[in-house]
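Engineer: As listed in TrEMBL for this protein:
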{"type": "TRANSMEM", "residues": "12-33", "note": "transmembrane segment"}
{"type": "TRANSMEM", "residues": "39-59", "note": "transmembrane segment"}
{"type": "TRANSMEM", "residues": "93-119", "note": "transmembrane segment"}
{"type": "TRANSMEM", "residues": "125-145", "note": "transmembrane segment"}
{"type": "TRANSMEM", "residues": "157-176", "note": "transmembrane segment"}
{"type": "TRANSMEM", "residues": "196-216", "note": "transmembrane segment"}
{"type": "TRANSMEM", "residues": "228-257", "note": "transmembrane segment"}
{"type": "TRANSMEM", "residues": "277-301", "note": "transmembrane segment"}
{"type": "TRANSMEM", "residues": "321-340", "note": "transmembrane segment"}
{"type": "TRANSMEM", "residues": "346-367", "note": "transmembrane segment"}
{"type": "TRANSMEM", "residues": "379-398", "note": "transmembrane segment"}
{"type": "TRANSMEM", "residues": "404-423", "note": "transmembrane segment"}
Amino acid sequence: MWRMKKGTGTLSFNSVLLLGINSIIGSGIFLLPSTLFKAAGWASLVAIGLAGLATLMIAMNYAVMASKIDTDGGAWVYTSQAFGLHAGFQIGWLSWFLGVITISTEIVAFLTTLGGFWPQVHQRWVYATLALGLLGGILLLNYFGPSTMKVIDNLASATKIGLILLFLIAGSLFLGRQGLAVITPISQLGQHDFSQAFTTAFYMFTGFSFLPVAAQQIRHAEKVLPKALLVVMLVVTLLYLLTQWLTILLLGAAISAEKLPVAAALMQVLGVAGRGLMLAGMLVSTLGVAIAVSFDTPVGLASLATEKKLLPREFGRQNRFGAPVVALSATIGLAAILVLSGSYLFLVNLIILSAFVQYLATVFALLKLQHDPTLPAGIQLWGGRTLPILSLVLLAYLVCQFNWVTYVIGLGFVGLGELVYWLDQRRR
C-alpha cells in the first residue's frame, strides 16, 4: 500500500521513465558481458535478473525515505536526519568518493574503448598521458564552461540509448536469419562463480538512487514513483538481459577473451563498420558521462563546506565563473590517482562497495525513522519492516564479497574523512 503527500513537481510519468533508464545504464552494458560470462557462464543471465530484482527492493527503501524527507542530497541527508551530522558527513564524504570513482571508471572505459581503434593506448606511458590529458580537459571545461553540461549530457545519453537499440535490433535480425547455426554449445561455455557475477551485475544498476531522490520533482509522486521504479527496473533489466544473451550467442566461446564484447558481437552482424560504429559511439557515451558527473561531484563536496559547514570553508571557494575550484581540483586530482592505479574492474568494485555503504545507511535510517511522528507518513510498504530487513540481509552478504585491497582503500578513505572532519571541528 502506498501513501504519500501529493507531489507538486514538473516531471511526468514518461519523463521519470526516461530519467530513470538514463541514470542507470552506463558503460557496464558495453564492457561487462564478458566478465559476467567468465564468472557464471549462461547463469550470468540469472545473475543479472536477480541483481535487478534485488536493486528494486533496495530502491523501494530510497523511495520511502524520499517521500518522508524531500531535501536534496539522498543517503547523506537521510543519515544525518537519523543519526546526526557526523554520520551524515561520512556518507556525504563517501558520496563524493563515489562520484570521483565514477569519473575514473568512465575515463578507463573510454581508454579501453579507444584501444579498439589504437592498440598503442595500452602502452603505459601512452595510457597515462591520455588519461591525464582527458582529466585536464575536464578540469578546464568545469572551470570555464559549466553551461555546456546539459548539451554534453544529452548527447551522451542519446548516443548510449541509440547504440543499445542498434545492437539489439541488428543482432536479433541476424540471429533470426541465421537460426541456431551461430550458437555455440552450452557445454563449451563458462565457469562458475555466481557470487562474483551477482555482485558485478549490481554495478550496472547503481545509478538507480537518483530517481527516488528526485521525488519532489515528480508530478503526483505518490502515484508515479512506485510505478516508475517498477517499470524502469523491468525495462533496464530486460535491456541488460537481451544484451548479455545476444552477445553470448553471437560470440560463443570467444566472448571470454573479449575486452570489448558488445563491439565484437556487432562486428559479427555488420562487419568491421559495425564494430567501428559501436566503438565511436562508446567513446562519445563514456566521455560524456565522465564530463556530466564531473560537474555534479565537486558541487556536492563544496556544499558540505558552504551549506552544511561540515568541511573547511576552503572547499567551497569559487572562481569568478562560479566553479568550486578547490573541490574541483580535489575531485580531478583523486580521479587521476585512481585512473593511473587501477583497472576497470578494480574501479567497478570500489564503486559497488561505496554504493553498498550508502544503501546500508539509507536502510538503517529508514528503520529508525519509519514511524517518526515528526516526519510525513510518506510511502507505506506492505509488510512494514520486512522489506528493509531483507534489504539489510542482502547488503550484508554483498558487502562481504570484495578482496582485501578494496576494503583497505575504502577504510582508508573513511579514515581520511574522519581526519579532515576532526581537524575542521577542532579549528571551529
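Backbone N, Cα and C define each Cβ position, glycine as well.
TrEMBL: automatically predicted annotations, no manual curation.
I'd like these features described in context: how deep, what's nearby, how far apart.
Structural biologist: Below 8 angstroms of C-beta separation, residues 44, 105-106, 109, 112-113, 157, 160-161, 163-164, 200-201, 203-208, 210-211, 214, 218-219, 224-225, 227-229, 231-232, 235-236, 239-240, 243-244, 247-248, 255, 259-263, 278, 282, 285-286, 289, 344, 348 of the same chain, each at least six residues beyond the ends of the transmembrane segment (12-33), sit close to that stretch.
Here the transmembrane segment (39-59) has long-range neighbours at 33, 186, 189-194, 196-198, 200-202, 204-205, 208-209, 211-212, 229-230, 233-234, 236-237, 240-241, 244-245, 248, 359, 363, 387, 390-391, 394-395, meaning same-chain residues at least 6 beyond its ends whose C-beta is under 8 angstroms from one of its own.
Listed by sequence, the residues of this chain that lie at least six past the ends of the transmembrane segment (93-119) yet keep a Cβ under 8 A from its Cβ atoms are 26-27, 30-31, 74-76, 127, 130-131, 134-135, 138, 259-260, 263, 275-276, 279, 282-283, 286-287, 289-290, 293-294, 296-297, 300-301, 304, 331-332, 334-335, 338-339, 342-344, 347-348, 350-351, 354-355, 357-358, 413-414, 417, 420-421.
Residues 21-22, 25-26, 29-30, 182, 239, 242-243, 246, 249-250, 262, 265-266, 268-270, 274, 277-278, 281-282, 284-285, 288-289 of the same chain sit 6 or more residues outside the transmembrane segment (157-176) yet have a Cβ under 8 Å from a Cβ within it.
Taking Cβ pairs closer than 8 Å, the transmembrane segment (228-257) reaches residues 13, 16-17, 20-21, 24-25, 29, 33-34, 36-38, 42, 44-45, 48-49, 52-53, 55-56, 59-60, 63, 164, 167-168, 171-172, 174-175, 182-184, 188-189, 201, 204-205, 208, 211-212, 218, 264-265, 268-269 in its own chain, all 6 or more past its ends.
Tertiary proximity for the transmembrane segment (277-301) is limited to same-chain residues at least six positions away from its ends with a CB under 8 Å from its CB atoms, namely 26-27, 30, 92, 95-96, 99-100, 102-103, 106-107, 109-110, 113-114, 116-117, 134, 138, 141-142, 146, 149, 152-153, 155-157, 159-160, 162-163, 166-167, 260, 262-263, 266-267, 270, 311, 315, 323-324, 327-328, 330-332.
Through the fold, the transmembrane segment (346-367) approaches residues 28, 32, 58, 61-62, 64-65, 74-76, 78-79, 81-83, 87, 91, 94-95, 97-98, 101-102, 104-105, 108, 199-200, 202-203, 206, 209, 338, 385, 388-389, 391-392, 395-396, 398-399, 402-403, 405-407, 409-410 of its own chain, all at least 6 residues removed from its boundaries and within a Cβ separation under 8 Å.
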